[in-house]
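Heads up, the thing below is written out as structure tokens.
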Amino acid sequence: MQWRSIVVGLVVLRLSVSWVLWLAFGLGPEISSGFNFHLGFNLHKLDLLFREEKEADPSAGSWSQRVQGHRYDETATTCAEFGEDSTRRSYLNLFDGNKDEYVRRYRSFPDTLRVKMKDMAKEMFYFGYENYMKYAFPEDELNPIDCEGRGPDVMNPSNININDVLGNYSLTLIDTLDTLLVLGNVTEFQRAVKLVIDTVSFDKNSTVQVFEANIRILGSLISAHILLTDSKHPFGEVGFKDYDNELLHLAHDLAVRLLPAFENTSTGIPYARVNLKTGVPQDSINETCTAGAGSLLVEFGILSRLIGDSTFEWVARRAVRALWNLRSNETGLLGNVINIQTGQWVGKQSGLGAGMDSFYEYLLKSYILFGEKEDYQMFKAAYESIQNHLRRGRESCNEGEGDPPLYVNVNMFSGEIMNTWIDSLQAFFPGLQVLNGDIDDAICLHAFYYAIWKRFGALPERYNWQLKAPDVLFYPLRPELVESTYLLYQATKNPFYLHVGMDILQSLEKNAKVRCGYATLHHVVDKSKEDRMESFFLSETCKYLYLLFDEDNPLHKSDNKYIFTTEGHIVPIDKRFREKQWNDLSPCEEGALAETETSNQPPPSNISNCNRIPEERRYALPLKSVYMRQIDHMVGVF
């Protein structure tokens with residue numbers, strides 16, 4: 001019997017040692033006790049998570065230490081360096097919600113605080129809007145520091161930073177129309193509409209960018225017209241007796257003035273700029289960006305279907321097809337700048353930011369609106385190429401080892417990384433991924449941009465992920481991060497995103513507010529300012545912030561579905577937009593769709609995938625604390 005006692009004692013001893021090791025380092029058996037994590041971490045995983053990497057594994061897909069296959073300095077590490085005691089404490093904190101700082105900070109958001117933030121967002125909008133109307137209208141923009149209006153730079157026609165956008169047509173007022181309805185101010189909306197009808201004309205000697213005039217002016221006029229006349233709209237009775245489709249007539253007039261951009265181009269890809277009186281300027285260059293030429297279909301398509309004239313949708317769709325047919329045969333990627341006469345790519349960089357962003361966005365949104373299978377097939381193929389060639393990092397956002405997913409800029413033909421920066425416009429992509437149902441990747445990419453915001457209190461126009469520093473330092477109050485935050489909250493209802501919105505709101509109030517509005521940050525580090533408040537601040541940034549905190553907004557309670565244009569304008573998903581009063585004048589170019597067919601499965605009839613997040617995930621952090629900590633360290637938050 002003695003030997004049996006010895007054996008039992010040894011078994012008990014081994015189990016005790018295993019239990020102690022499991023408590024200390026997660027070295028025990030692969031078991032789960034209701035936690036979100038598997039508890040089978042080993043020392044290698046601990047090293048990855050809480051100590052500096054000693055050696056990079058080429059198979060790990062690390063983008064932070066290698067570019068085009070070359071190693072960078074070992075000091076450019078993914079994770080922070082801790083002592084042994086710190087390692088043990090940090091690891092155990094992952095399983096104690098009362099001690100983990102991320103769980104403590106983000107796990108709840110009281111209703112009283114939500115109402116406070118909603119009111120703060122409303123006050124932010126009205127401070128900018130009322131000062132624009134007081135000091136700037138009828139000019140295009142407000143200079144919020146000097147409390148003056150701003151129009152086109154007529155003394156310097158080459159100043160395209162200003163002149164591409166400002167056309168001497170009361171830009172900010174037009175761009176803001178539907179935001180007034182979102183905030184519930186029907187009286188001011190009606191007054192603003194009447195002001196536009198009475199004072200705005202497009203018969204101006206202004207040379208503007210086709211893309212900007214389309215998304216900011218044409219899109220807003222169409223949206224406001226639909227909301228005025230649509231009996232199913234969610235904002236109550238907003239029409240008025242004397243309205244006679246004037247906004248639609250203005251939209252049609254503007255679109256006609258943009259049409260010369262599509263003439264005399266051998267590819268069908270439009271010129272970047274037109275003069276609203278005289279057409280394409282004599283000195284126009286033959287180069288345009290992919291987003292500028294390929295992001296007209298939503299607004300032009302709705303206009304065509306409202307007035308029964310196929311011209312506008314046809315020219316916009318022809319441009320999209322032309323760009324699509326010029327993609328790389330090797331990678332399926334497009335570049336960012338093209339010659340509209342030769343079809344040669346001048347800019348061979350393929351990414352998700354400036355020059356590319358809304359091209360992908362409008363492939364999906366055009367399908368949602370119009371139901372054209374062609375649009376979805378192009379989007380599906382483009383998204384697959386993006387995942388194959390632009391995405392770096394670990395395979396899963398919320399599991400596994402290695403760097404978090406990130407989308408980098410690559411050569412469109414080879415797929416090799418071209419630089420180590422990303423730009424702030426790319427922060428729209430998590431929102432697009434939400435519409436596509438790819439929630440997990442959206443969560444990870446959004447967390448990366450949020451970490452940049454936490455570090456600087458703004459998003460620098462370009463951020464170098466290798467150097468952990470901005471490459472281009474200004475922030476013009478862009479809405480893309482807020483937009484993705486709003487859409488992720490709608491998809492997950494996770495209070496984490498209310499905290500993100502609060503951080504953004506408070507940062508803007510602290511860093512951008514000036515005497516008569518909110519000013520562009522010239523330098524995200526020292527917070528120096530430029531005297532400009534772009535129209536999208538009121539049209540998008542304030543709108544998404546308000547909607548984020550307004551759970552009971554009519555837009556959220558409506559039985560009808562809506563999407564936002566790339567400028568944040570509201571358009572309904574309406575049966576009438578899926579019906580054409582004409583036959584296709586130009587069928588798809590031969591082979592244009594055959595190559596994009598990746599599956600015999602039909603496209604989904606409902607792109608909304610908000611219910612794909614498991615119920616239990618709505619009560620935990622959207623991204624596990626260990627991965628949030630990893631991203632924060634990589635960005636330099638701590």
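Glycine is treated like the rest: Cβ placed from N, Cα and C.
As given in TrEMBL:
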ACT_SITE  Glu212  active site, proton donor
ACT_SITE  Asp357  active site
ACT_SITE  Glu461  active site, proton donor
ACT_SITE  Glu480  active site
BINDING   Thr566  Ca(2+) binding site
REGION    590-611  region 'Disordered'
COMPBIAS  596-611  compositional bias 'Polar residues'
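Just so you know, the Cβ of Glu212 (active site, proton donor) picks up 20 other Cβ atoms within 10 Å once every protein chain is counted.
In this structure, Glu461 is the one among the active-site residues Asp357, Glu461, Glu480 with the smallest number of other Cβ atoms inside 10 Å of its Cβ.
Listed in sequence order, Ile215, Ser295, Val298, Asp357, Ser358, Glu361, Tyr362, Phe428 are the same-chain residues at least 6 apart in sequence whose CB falls under 8 Å from the CB of Thr566 (Ca(2+) binding site). The distance from the Cα of Glu461 (active site, proton donor) to the Cα of Glu480 (active site) comes to 12 Å.
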